[in-house]
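Summarising the annotation, TrEMBL assigns compositional bias 'Polar residues' to 1-16. Residues annotated as compositional bias 'Low complexity' in TrEMBL: 30-39, 68-85. The annotation domain 'Zinc finger Sec23/Sec24-type' is assigned in TrEMBL to 364-402. Look at TrEMBL and you will find 439-675 tagged as domain 'Sec23/Sec24 trunk'. Sequence annotations record features per position, and here TrEMBL assigns domain 'Sec23/Sec24 beta-sandwich' to 681-764. Annotated domain 'Gelsolin-like' per TrEMBL: 910-976, in sequence order. Annotation comment: TrEMBL describes 1-173, 221-242 as region 'Disordered'.
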Amino acid sequence: MGTENQGYPNIPGRTTSSPFASAPPPGVPPHSGGPAAGSETVGFRPFPPSASQPIRPFAPSGPPMAPPVGAMRPGQSPLVSQIPGSRPPPPSSNPLPSTAYGPPGGGGSFQRFPSPPFPSTQNPPRGPPPPQTLAGHLSPPMSFRPQQPIAPVTMGPPPQSMTSGPPGGIASPPAADFNMAARPGFQQSMPPVNPSYPGGVISQPSFPGYPSKQVLPAPPMPFQSASQGPPSYPPQAGGFAQHPNLAAQQNMHPSYAPPPSNVQGLVEDFNSLTLSNIPGSIEPGLDHTKFPRPLDGDVEPNSFAEMYPMNCHSRYLRLTTSAIPNSQSLASRWHLPLGAVVCPLAEAPEGEEVPLIDFGSSGIIRCRRCRTYVNPYVTFTDSGRKWRCNICSMLNDVPGEYFSHLDATGRRMDMDQRPELTQGSVEIIAPTEYMVRPPMPPIYFFLIDVSFSAIKSGMLEVAAQTIKSCLDNLPGYPRTQIGFITYDSTLHFYNMKSSLSQPQMMVVSDLDDIFVPLPDDLLVNLSESRNVVEAFLDSLPLMFQDNANLESAFGPALRAAFMVMNQLGGKLLIFQNSLPSLGAGRLKLRGDDPRVYGTDKEYTLRVAEDTFYKQMAADCTKFQIGINVYAFSDKYTDIASLGTLAKYTGGQVYYYPGFQSSIHGDKLRHELARDLTRETAWESVMRIRCGKGIRFSSYHGNFMLRSTDLLALPAVDCDKAYAMQLTLEETLLTTQTVYFQVALLYTASCGERRIRVHTAVAPVVADLGEMYRQADTGSIVSVYARLAIEKTMSAKLDDARNTIQQKIVKALREYRNLNAVQHRLGSRLIYPESLKFLPLYGLAICKSTPLHGGPADISLDERCAAGFTMMALPVKKLLKLLYPNLFRVDEWLLNPSADHHDLKDVLSRLPLAAESLDSRGLYIYDDGFRLVLWFGRMLSPDIAKNLLGADFAAELSRVTLQEQENGMSKKLMRLIKKVRENDPSYHPMCLLVRQGEQPREGFLLLRNLIEDQMGGSTGYVDWILQLHRQIQQNA
Ligand SMILES: [Zn+2]
């Protein structure tokens, strides 16, 4: 937003004046004028398409696979519990029938804005004064506090959250052992046995918000309340198949348990209870095939939308439960996080646009006391002359220009022409009071490493070509500005003045006392200097092609970039190919010291070492500079430190370990293009207001807090989400509903200052059961994942995992206490329908790259990069990363009639377990960051030939999938293209692996089959048993 304190004038405001023009600027003058007679319609324009959608279809990103690192050790079993036992060899491959496959995206069914004028019916919350949220008006000088607003930390504390990098799935080094067992032909040894997975039995209710009745697979036996001893599982036919070798190996792990044996389906109807049972008994009935699995992907909660049709879409705001507890005591029994995930610029649902509103002469209508923006839930009274704020209950005057008569029902006559009174999401044009300076132009500044490795890897060439190819599509023409600095052991500035025909390069070698030569011509208007910029990008790779310099004066270069950019702000893209070695901010090879692993100091490797990085991030945020870090080295580069720059400036980390243009070039091209061309909100601030009695007490994601509740986001886009937790401030809430309003004040690329407002309401309840019924697993998992990653910045990985496990145990224990006794569920594990996937996602969080295994199982940089990435992911994207798609494609490829169907109709997602893999099949694993094609050992050679051409028998690590001249190949390529287009935020690289190919198969796929027990990590069955046992303790 507007601004920050840097000396800009304060905005005049009634309540308080805040220096920010931004978002929720407190200070806009309240419109208190008396009611006037005429009503005026405000112009309403549809939101410009350009503003809301990225132009390119690219999706980029994922981290490339990490090259197999040799050093990996198999993970230690974090969550393993001690269940002795062993599993029988499994049957192996099941030919899986295809299961019905729901739309991955789920949910689109609802209607957003049915017109009913809802407002009048709602009872306005009564109440006292302004919610605490208001406070923020004043925007104090920005203090740098990482996450928790509450406890202001000054610059110091390590960030608790990180984000953006390569997604978790990225390659982890194969543990040597890991290849293990599992691989050797796990399937062939067994004849396909029962098709248990295939949807039949499991009848999973489709996740209705309120299940009224469902069929639950319940094993006849209760989870054997094995309370006291380790359960032993009887072997069962359909169980998890494992290769004998694997089983043998697993003897090392006490926790290894045999698959359950007979399956029995017991149908129960918990109709009024919304309970689900898990087949729990160890003995006879533990049927893992019936365990809940999110094979339909994320399903957005829709009960919220049905109850309150004028709420904003859940893609913008998802509460962890749509039923807000009415007391602190009730909240304390909930145990799960109480909060929300907000993605303020999420792309609008297809066919819908966020309306753009100009209040014109009446000024923006906001509550005089709490600064809430007028929304569908305010009520008009006194013949239309006054309106009551739904958040603080303040009775405000309606400005004359905004006046409208009311009809007999109290509804404004002009309601249908006022989107802000009927829709939960609107975009408001902000007048000059919301600016502390003229809206900035879009600015892209590039800081590029041109040392030896940057050249050799091909990074420099790909980056230069991609930037050049995007010049026509950078947002904001003709105001867009651009500039470059390159560096190795010295800094290179480029004069891009439009009157030149070639850029002039100036070298600065004094790293201790940086000065910027020609400060006015280093950042230039792109349209004016287009020729010079193109000439520069064309010549850049050549200029340094023979550069043998190995040093990296990254810190001084960063300072120089800051000096060039701090007049206006903008987006700074950093391309770093090695460990910063010279000048301020130089880093050490601390991540290479194994002595720290496993000690109490281990976490320090995951936080920035030098305060230089946090300080630079704070300075950049203050001056509206958002940083994205692109890192490419195959050696340790201290992503923990570099990523801090992105974390506190609202940016993102892209990690391409061991970058080679021939392999990762496409990925970089797509992801960089997406980054450069997606619609971006500049100089933004975001605040979320909520009703009296509750307040947001902590925030988690990539941003910097400017005051207790104001998030500074120098540059934000549709791919960024933020999680936050709520606290009840009052012992008892007296209102029947609680309102939430997200306001993002920003400068659009077109130069308009705007406020994007999302409003929603949720009921206040006195019943814990209702809170559970209204729980949203996706939102809860998003909060948990962020909390867990933050925890790794101050504790051991084991502690972070245990924390997640304990949180789930407490929540399910409470739920059990609520229901078990009267229904004699005895030894069963029970959970609400709404949370049926929570245990599995909890396990997935523990197995995700930031938390997985031991310190040495995954390279430190990879772990940190994944953490930075996950901290920013929107809900759907995060859930897909945690429980990726796995589907079989060979049968579909062979079926000529299957071509025109929608993917979801043809391809069914499979459980992420080795037993889902048939050695006669071809499978695709897709976590949103990479696609792995797994070729079964017994796959028909014809298919392999069709798809791979002459390379069909080659070492697949060297083969790149390319379209061949035959229908099958084209069909597969179309499928891959579609998968990428469906989720353009990152560009998954396509990797090929053959069954049994070690160690690639292990780290590309097997390690990611999270339901399996591997290398010491807990499998789904054991995880459920552990949870159940712990839940029963002290139950
Ligand atoms: Zn108010």
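Glycine too: its Cβ is placed from the backbone N, Cα and C atoms.
Keep in mind that TrEMBL annotations are predicted by a computer and have not been checked by a curator.
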The domain 'Zinc finger Sec23/Sec24-type' (364-402) touching the domain 'Sec23/Sec24 trunk' (439-675) per 3+ Cβ pairs under 8 Å rule: no
Model confidence over the domain 'Zinc finger Sec23/Sec24-type' (364-402), averaged pLDDT: 96
Per-state residue totals over the domain 'Gelsolin-like' (910-976) - DSSP helix, strand, coil: 29 helix, 11 strand, 27 coil
Secondary structure content, the domain 'Zinc finger Sec23/Sec24-type' (364-402) (per DSSP, counts of residues): 6 helix, 11 strand, 22 coil
